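Novice: One structure, pasted below without further comment.
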Amino acid sequence: MARKTDIPPSYYGEPRKFDPSFRGPIHNRGCTDVVCCVIFVIFILGYIALGTVAWIHGDPRKVVYPTDSHGQFCGQQGTPNANKAILFYFNILQCANPAVLINLQCPTTQLCVSKCPDRFATYLDMQYNYRYNNSYWEYYRQFCKPGFDNPRKSVAQVLRDEDCPSMIVPSRPFLQRCFPDFITRNGTLTVANKTVFKDGLGKTRSVIDLRDAANGITSLLDAKEVGMKIFEDYANSWYWILIGLVITMVVSLAFILLLRFTAGVLLWLIIFGVIAVVGYGIWHCYWEFSTLRGKPHGDGDVTISDIGFQTDFRVYLQLSQTWLIFMISLSVIEAVIIIILIFLRRRVRIAIALLKEGSRAIGYIMSTLFYPIVTFVLLAICIAYWAVTAVFLASSGDAVYKVMSTQDKCMYANLTCDPETFSQTNVTKVCPGSQCTFAFYGGESLYHRYIFVLQLGNLLVFLWLVNFTIALGQCTLAGAFASYYWALRKPQDIPSCPLFSSFSRAVRYHTGSLAFGSLILAVVQMFRIVLEYLDHKLKGAHNAFARFLICCLKCCFWCLEHFIKFMNRNAYIMIAIYGKNFCTSAKDAFFLLMRNVVRVAVLDKVTDFLLFLGKVLISGSVGVLAFFFFTRKIPVIQEEVPSLNYYWVPLLTVIFGSYLIAHGFFNVYAMCVDTLFLCFLVDLEVNNGSAARPFYMSSTLRQILNKKNSKRRKDEIAGEDEKRGTYTG
């Protein structure tokens with residue numbers, strides 16, 4: 001007998017939750033959330049204006065090209081540095097860490113050069129050898145300031161004015177900068193087969209000093225070599241990677257279509273598999289308990305309270321009481337699972353039937369499987385525009401120069417200066433060896449002072465657009481699948497081009513509603529990003545309360561974000577069906593789900609687990625096939641396998657790409673099942689199976705719920721078909 005939750009509320013005198021005359025996606029609908037739509041359009045126009053302003057003021061060359069001490073780009077065409085694309089540091093020992101190097105904040109002269117030095121040399125040795133051979137100076141002068149041509153100038157004056165470096169070391173370019181050429185031989189770090197060198201100031205230094213000054217550079221250089229090999233592997237195997245991804249597409253499509261016939265088998269196998277695993281755990285715990293209890297004067301008589309707290313968990317495994325607790329816990333879990341299956345068996349059957357119905361719907365509307373390509377293209381555009389705008393904003397401004405001093409107590413250190421008039425000031429007298437060098441790009445105008453705020457605005461609108469793109473895809477797919485559900489005779493009554501019609505309705509009438517829901521989610525995500533930033537900044541702080549508060553806020557906003565995503569998804573489905581505004585649709589969806597909370601929980605978990613299983617199964621199967629192929633373990637085609645440096649490069653690419661492709665296909669399937677589920681709940685509340693209000697659910701679902709549609713005359717069916725022609729669209 002049907003339960004009360006399966007009978008329309010009107011049978012019990014309760015007010016109806018939906019219009020009883022409803023028969024499917026509304027065709028004649030009006031625009032919703034117009035105010036939010038207008039605000040959304042204004043923000044998009046403002047975003048375009050922000051990108052234009054950033055493009056006018058920004059200069060991405062500041063990011064692409066390294067900059068010398070005078071703010072000139074290395075390698076820029078049309079400048080004296082056109083053939084000097086590499087940045088050279090006069091004294092790399094003054095650079096404390098690689099982050100300082102990359103940020104161009106090293107307190108030493110930086111010069112653009114055409115190539116890095118390939119030998120150890122000092123200015124003092126060069127000046128001595130210059131008397132006998134001019135070639136020493138010709139080589140050394142290319143690392144001196146342009147225009148300096150006085151090798152007879154005293155060493156003290158040259159080093160004071162920083163006309164030339166005190167030393168040069170064998171280097172090679174990385175990130176367009178000269179870094180020492182470290183090589184490890186027999187476990188010893190060397191540079192050009194040397195472990196010590198002269199620093200040009202009368203001291204003998206160890207190569208370890210160079211390593212400390214450029215800590216991490218060795219690994220970066222090794223990473224570059226690995227990167228080149230990886231690039232070669234991609235160049236040799238891209239064709240086979242593409243074949244693997246195509247196989248994934250075919251298998252994903254076949255898996256979704258086969259779910260129509262195998263969903264029930266898979267689900268029951270999983271359920272009984274879990275029951276069997278838990279049952280084995282109970283038996284194993286009982287066996288361990290009996291074994292320990294049977295030992296004479298053993299540890300079986302010792303209790304957990306006797307040994308107290310132990311960091312080694314293996315100690316507890318020697319106690320019979322531990323296994324007794326495990327056995328009782330697993331027994332409770334087993335009993336709960338069995339009881340749930342007994343009392344929720346019909347809801348599990350409903351979930352299986354909806355999964356099968358989802359496969360059938362996709363089979364009739366195959367175009368939905370390719371809609372994720374549209375979403376991917378729109379997301380790529382959003383990400384590209386945000387990245388370009390962020391780069392132009394970051395590179396806005398004029399060159400700012402600061403006093404760089406090698407002395408720790410220099411009172412002028414880090415103060416702004418003018419390189420044109422710096423030599424006329426007394427800074428060099430107070431702080432000998434200090435220089436006015438380029439620091440970064442910035443400015444004092446209103447625009448430059450609010451660059452950070454503009455970057456936050458860029459991020460917020462980017463999140464808004466990304467969420468809107470996803471929302472548009474969800475609403476479009478929901479409208480297409482809803483038109484399938486509300487077709488009484490399938491596939492005859494399914495409207496032509498349901499995906500395009502749904503997309504047109506979403507863009508024409510519900511842009512404001514989709515923008516409203518996307519904005520709420522974007523604001524929450526923005527708060528999460530700010531909290532992550534604060535958490536990163538407070539990692540080194542000793543304020544435990546502040547870190548605890550940030551952690552709690554992060555947890556709360558994480559939960560809030562996932563709840564909003566869940567509600568937005570169902571609100572978009574209701575918008576696609578009824579054409580109401582966002583708040584009304586969200587409210588209707590929420591109360592509809594709450595009235596069927598048990599069914600929601602069962603279907604959600606069943607669908608998530610089955611789809612996750614499908615993703616892992618597909619990506620894992622294709623990954624195993626790729627492993628056997630790239631390791632030449634398939635005799636038939638082993639001669640076709642390309643020569644690779646690292647076989648795991650194409651292998652991981654195939655596995656990761658396969659998972660993404662399967663995720664894209666299965667997201668469509670999940671949206672299909674969610675839409676059919678909401679339509680099914682509406683169908684139960686609106687219709688009663690009579691000739692005037694027949695159920696639109698499949699015959700399988702009607703059998704599970706003991707529902708029947710009354711027999712109708714042909715003229716009634718024809719009349720309803722004519723009415724449906726006004727709303728299916």
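Keep in mind that glycine also has a Cβ here, set from the backbone N, Cα and C atoms.
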Novice: Ranges 643-662, 663-682: which does TrEMBL label transmembrane segment?
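Specialist: From TrEMBL, the annotated transmembrane segment range turns out to be 643-662.
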Novice: Same-chain Cβ contacts of the transmembrane segment (364-388) under 8 Å, 6 or more residues past its ends?
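Specialist: For the transmembrane segment (364-388), the sequence-distant neighbours (Cβ-Cβ under 8 Å, at least 6 residues beyond its ends) are 47, 51, 253, 256, 458-459, 462, 465-466, 469-470, 472-473, 476-477, 480-481, 484, 490-491, 494, 498-499, 664-665, 667-668, 672.
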Novice: Apart from its near flanks, which chain residues at least 6 from the ends of the transmembrane segment (543-560) lie with a Cβ under 8 angstroms of it?
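Specialist: Beyond its ends, the transmembrane segment (543-560) has Cβ neighbours at 524, 527-528, 531-532, 534-535.
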Novice: If we skip the immediate neighbours and take only residues 6+ beyond the ends of the transmembrane segment (643-662), which ones have a Cβ under 8 Å from one of its Cβ atoms?
Specialist: 229-230, 232-234, 236-237, 240-241, 244-245, 248-249, 252, 614-615, 618-620, 622-623, 626-627, 630-631
Novice: Using a Cβ cut-off of under 8 Å, list the residues of the same chain at least 6 residues beyond the transmembrane segment (509-531) that approach it.
Specialist: 29-40, 456, 459-460, 463-464, 466-468, 470-472, 475, 550, 553-554, 557-558, 560-561, 564-565, 568, 571-572, 575-576, 579, 581-583, 585-586
Novice: Which one, 238-258, 265-283, 323-344, 461-488, has the most C-beta pairs under 8 Å toward the transmembrane segment (34-56)?
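Specialist: The stretch with the most close Cβ contacts to the transmembrane segment (34-56) is 461-488.
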Novice: Please tell me whether the transmembrane segment (609-631) and the transmembrane segment (265-283) touch - that is, whether there are at least 3 C-beta pairs under 8 Å between them, with each pair 6 or more apart in sequence.
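Specialist: When sequence-distant Cβ pairs are counted, the transmembrane segment (265-283) touches the transmembrane segment (609-631), since at least 3 lie under 8 Å.
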